[in-house]
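Worksheet for the structure shown next.
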Ligand code: ADP
Ligand code: MG
């Protein structure tokens, strides 16, 4: 059993450190992170506003001191599925009727979804002027290692908006590689000697390359933005304007350096300028000419620092607007509508954002005698490929009586309300960004505390059981060093650019790539997994296989 391999590996991993070794390692990590901008703006909980009134400070992002061992076959499977997942979600976002059928019951009771849907309907009524869509995706997985079965890969969720941390994750890979190989791979000084850091021949039956695999998250994500920028073509303004990409960000974003890693690469390697625009400033600094003057609806950006310069926006890359808290001003929804009706390529469109709902993920798990939606969306792929995708699905259940999945309703409700089964499940609303789920024995009392007609907003998902032996040490953003049992979540990045074809629900895919990964590692007793939300640290991985 593969979990036995994990037990064996973790029996002496990470290697024990003397106080002198730990001091050296922690000091090296503290310096490396700041030197290479593996950093975040500190939260007020760590540095109070009185101490940092001008917001000038940055601090190390939370990182693990060691890479986490990860089965090579599972990593390769996750990578091999990414382009198919990209295509799947491009297809879903292009099938408005299907999305409406899946989501309409939820839209009826969920204001946030209802507002998103309204934006789509309003733009559809007026007519979309942009048929290209860009997805910058991250598919998240955990290892599933039940007592009696080999370890396997299970999808936690598929992100279609604001898939973050590509710009920091590769730096953790570089840092762990440096620690494992400096001054020489044979004799690193920051890590004590350990078989996982050396060549595989020295170990009994476990094969590794002794360092994390390369992480191409930044070039992959940026190539997606660049492909969309190119596909937009020339300016639609009269007279022509220079073009740019707009990064739409939260007003109080702390994860700035992750985003800057992408914009800097975009300029350096593709010569494409980009600007950051906080959501509250959209209507102040962007405009669309009137219908009479220019029906093509170019999105024109005027940098506040240079009011005499104008740019035409080719791509709006959303690193905000995924959560209700991003829509707190009276004009927030008008701003979202304004962007959606523009000619800029949206990453994502409203329909693509909605495609990332947990509800869609749940519906995709349905099998005969219910409709096999996965197969219907991926008709060109072999049964073996579909099976590989399905093998990553955890059992998921509807808590509604939608006609699309008539037979699954009673089971979901029964499993959620019965304490014995609830303890093996998580209840998820249609929200992103962490901190929204309800776990285990909190599920029955929670459901009983809300009106029954609200239950359909949630989906029930079986808990994934990661290997229990995993351990690591974390340098937290507040400087504390904490060791213990951990759970890791692997994200694989991918991008996809497609054109919707009139009268056809199957889009024309122009660019579809996979590349780069994120490993987030959290304490074993923490249910949630977000780094920005304060639960996890950034990690990288050492692949191993049994030989
Ligand atoms: P969000 O959109 O808020 O990120 P997720 O579906 O990713 O929602 O859930 C948040 C966190 O909850 C995950 O990062 C993971 O740590 C945990 N989680 C979610 N689903 C499961 C599951 N089926 N089993 C175990 N943990 C889960
Ligand atoms: Mg998540």
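The backbone N, Cα and C atoms fix where each Cβ goes, glycine too.
No curator has checked TrEMBL annotations; they are predicted automatically.
Worth saying up front: this structure is predicted, and the values here are computed from it rather than measured.
What TrEMBL lists as domain 'Glutathione synthase substrate-binding' is 243-355. For 259, 520, the entry in TrEMBL reads substrate binding site. Per TrEMBL, the feature ATP binding site maps to 358, 428-437, 439, 461-464, 489, 522, 528. Under the heading Mg(2+) binding site, TrEMBL lists 432.
In the three-state DSSP assignment, the secondary structure recorded for residue 461 (ATP binding site) is strand.
Broken down by DSSP into helix, strand and coil, the domain 'Glutathione synthase substrate-binding' (243-355) contains 41 helix, 29 strand, 43 coil. By the rule that a residue counts when its Cβ sits under 6 Å from some atom of ligand 1, the binding-site residues 259, 430, 432, 520 yield 432. For the binding-site residues given as 259, 430, 436, the lowest number of other CB atoms within 10 Å of the residue's CB is seen at 436. DSSP classifies residue 358 (ATP binding site) as helix under the three-state reduction. Taking 259, 432, 520 as the binding-site residues under consideration, the smallest Cα distance to residue 464 (ATP binding site) is found for 520.
When the alpha carbons of residue 358 (ATP binding site) and residue 259 (substrate binding site) are compared, the span between them is 25 angstrom. Residue 430 (ATP binding site) sits 22 Å from residue 520 (substrate binding site), taking the CA atoms of both as reference points.
Cα-Cα distance from residue 436 (ATP binding site) to residue 520 (substrate binding site): 18 Å (rounded to the nearest whole number). Annotated pair residue 461 (ATP binding site) and the residue listed as 'Mg(2+) binding site', C-alpha to C-alpha distance, rounded: 16 Å.
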